[in-house]
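Here's the structure, in structure tokens; my notes come after.
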């Protein structure tokens, strides 16, 4: 485990930044945006610096993705820069009760109207009727995640210019080891529109994330106290054993190096 880097814990943003972001929140990019150059420049910058860049370019058209797990750190950092930050969370209909309670806790603590994205019943109901509620144990998680996660996310991202995620390089050796601070989202961009994706926590380690949570006494999902590290849907998540990688607790019946539900399919595309 890499040693903690104090800069993640002691950043104090100017109070005027949130006001500025609120005033011009609907503004689209007005400055040149060279993704490759900026990704290189910000590769070793703090998460707060990366978020500041995102707000400066996209204002209120930047959305934060919150999974109900350790990415509460991302919500906290973004909220301290912009009290009107926009946050969404995916409700697959199969989350742990603890996760639903945690999302409500974060909503109340930060006074944020978290937008909940849900599956399209017209697609979900026929799928469940035909294959039942646990087909992923036999057929793999791809089809279920496609309906419960990818389709709702695609609908949302079609309406925005940029989003920020809590992805970290240490989360998955097979798919996230090369996650950039910012990138073009190749999975959800279209020929007509480019979607930009920020990963402010990319270079943070799990140790640093939890150092931030403990130092600032942030709320966290109570499942973490029971051995859960990577938290997803209830049927597809379990606690990990000592010395197991955190992604071993997800889709444990599948290949360990391909554990992506599709939300970050660009990680797989970039490796192809």
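Quick reminder: no glycine exception, Cβ is built from N, Cα and C everywhere.
Please treat TrEMBL annotations as automatic predictions, because they have not gone through curation.
Since the structure is predicted, the reported quantities are computational estimates derived from the model, not experimental observations.
Feature annotations, courtesy of TrEMBL:
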- 261: active site, nucleophile (ACT_SITE)
- 144, 145, 233, 236: [4Fe-4S] cluster binding site (BINDING)
- 62-239: domain 'Phosphoadenosine phosphosulphate reductase' (DOMAIN)
| To what whole number does the mean pLDDT across the domain 'Phosphoadenosine phosphosulphate reductase' (62-239) round? | 92
| remark: A correct count of other C-beta atoms within 10 Å of the C-beta of residue 145 ([4Fe-4S] cluster binding site) gives 21
| note | residue 233 ([4Fe-4S] cluster binding site) falls, by three-state DSSP, under strand
| 10 Å Cβ neighbour count around residue 236 ([4Fe-4S] cluster binding site)? | 22
